[in-house]
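Below is one structure, written out as structure tokens; the observations come after it.
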Amino acid sequence: MATAGEILRRSLTEEIGFSKESVSGSEELHVLAVDDSFVDRKVIERLLKISSCRVTVVESGTRALQYLGLDGEKSSVGFNDLKINLIMTDYSMPGMTGYELLKKIKESSTFREIPVVIMSSENILTRIDRCLEEGAEEYILKPVKLSDVKRIKDVIMGGEVEEKNRGVRKRGREDSIYSLLSPSLVQSSSSPAFDFLTSELQSSKRPKLQTRD
């Protein structure tokens, strides 16, 4: 029997008119927008579509968790099937706030890397700090503007492109280093030259610590 989350995902997929295959084969950003206000949902949906994003809208944090399969029910749908690139959620919602939804997402090993943007009509510094410390990508004030959506999209898409380029550069660097090793050096693991180059390669793989602004 299908779970509530699977039924919700199926109905939303049919409503917005795309299949799992079309999402996975597309370069468009797929955004999950969460807001209890019907008007605000329509506004953010319109802005995202103008910005050439695929949009799934739900009316509560609970619905969002069901869609993502984080509601505790066993689901056959995984992250690769959903292909969510960004989650935008209102902060003040009944039942589950956007902050609580953010925490649930960041606690998930599957979705913790997905950027989450908090939307709110209240510019409260302590609230902003708390959301950012919990891992929110941004905190934007309502009414959300087209420039906000385009800026966020550029940041997300730019990050994905940079990640791909970084992977290509890394593979190229490794191939270059190994191409310097002669067969005799490769066969002799005790060779000083082999040890040195291997050490350099391993050190280049170590992640560098990054500080957040």
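Here the Cβ of each residue, glycine as well, is placed from N, Cα and C on the backbone.
Quick caveat, the model's predicted, so the values are computed rather than measured.
Database features (TrEMBL):
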DOMAIN    30-157  domain 'Response regulatory'
MOD_RES   ASP90  4-aspartylphosphate
Please work out the mean pLDDT for the residues of the domain 'Response regulatory' (30-157). 93
Using DSSP, tally how many residues of the domain 'Response regulatory' (30-157) sit in helix, strand and coil. 57 helix, 24 strand, 47 coil
